[in-house]
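Notes follow the structure.
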Amino acid sequence: THQAGMRKLFLLACLLAGALARPPQSHAPRHYGGDDEHDSDDHDHHYHHHDHYYHHEDDDGHHEDPHDSDDHEDAHFIKVHSGGSENGGQYGGHGYHESSTGHFIKVYHSNQQVDHHEHHEEEEQEEEEEEPQRHHGYYGGDCCDGDDFCEWEGWSTDPPDCDCTKDCDCGDCACHTDADQSSHLDQLTHQAGVISDLLDSYMSPEDIHEEFAGLADDLNELDGSACEHHKDFQCGGENPHCIGHTLVCDGHSDCDNDSDEDEYHCHVATEQGSHWVGSVVYDHCTRRKPDAMDLTIKSVTTLSWFTASPQVVAQVKVEKKTDESHSYSNFEIHGHWDAAERELFLSPPEEDGLALTCKFHGHDHDMCVGHVVRQISMEPCAEFIFRRT
């Protein structure tokens, strides 16, 4: 039974040596050993070097290892001692490792002992280094060594100073590394950018004021002002009353709220050099039935004695496209800016008596609703939407 166990252990040692060594070259079997007899079966030595087997014992009971010599060129071998646990003190202190069968094994590689426990501990240490450690609830930080920094994480209007190096008890203070701080700064920068974008998307106070003023004008048009259209101007405010068109933007305030002299009405939206493109909505009266209309403002002139109605000269091109033809016509038209109505008026260019108006609603200075009107009645018969280009 003892010999069968030794054979199994020897085979196991051979497999272990083969796993540690490169594939060995073939050698003829050799036998190392002397003529000494074994003192006890408990002190048998077994060596395996590729195909070599060694079994030897000194006269004094100590086991001589021919592989411990510096002159030995063999690179891979295993030394096995049989014996009970009472031999553990002798072999355990010299690099031997006890197997589950009570034997002691020492493995050599390149004439150096291989310590399996040492390699195993190095692997465990590498795994521990890969896994970040938690300190006071945060990864990476270790404020106890003084290299990292503490930061108050609680809720207080007067946060205390954090110092975790004294007793390593941070409490409501959090321990951060430089990487934590960098990540935190990145998050704050991103949040600041989001807030900035939100603020940029809000309307400015000036735009809000203009928007409300435009809504007020629209309400006045819907409710009616008891003022005659195209002749009177409704002052509005707490004391609404009507004044004549010619008094609007004349340089003198005639309304209690000064609305007749504000920038909203006195600014000429169709300023000199501006270009507008109109798309047709409907057309019930023009002869050419244009698909589009181009409007270019050539000049705007304000007369000192009639500031309420600046004079305007415009170039108008009407265009018509069909499958068979492409036609267009150009007109230079004179007109004026009606400050009270915030409307451009262009006189009829032909004898048909059709004039062109373009009225601005609210505070949108880049779009106006154009109408072709019969000059005598000012009744619209065609509509175009003009947009600034």
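Each Cβ is built from the backbone N, Cα and C atoms, and glycine gets one as well.
As recorded in TrEMBL:
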{"type": "COMPBIAS", "residues": "32-45", "note": "compositional bias 'Basic and acidic residues'"}
{"type": "COMPBIAS", "residues": "54-73", "note": "compositional bias 'Basic and acidic residues'"}
{"type": "DOMAIN", "residues": "270-388", "note": "domain 'Annelid erythrocruorin linker subunit C-terminal'"}
{"type": "REGION", "residues": "24-73", "note": "region 'Disordered'"}
{"type": "REGION", "residues": "113-135", "note": "region 'Disordered'"}
{"type": "SIGNAL", "residues": "1-21", "note": "signal peptide"}
How does the domain 'Annelid erythrocruorin linker subunit C-terminal' (270-388) divide up by DSSP, counting helix, then strand, then coil residues?
0 helix, 78 strand, 41 coil
Tell me, what is the mean pLDDT of the domain 'Annelid erythrocruorin linker subunit C-terminal' (270-388)?
92
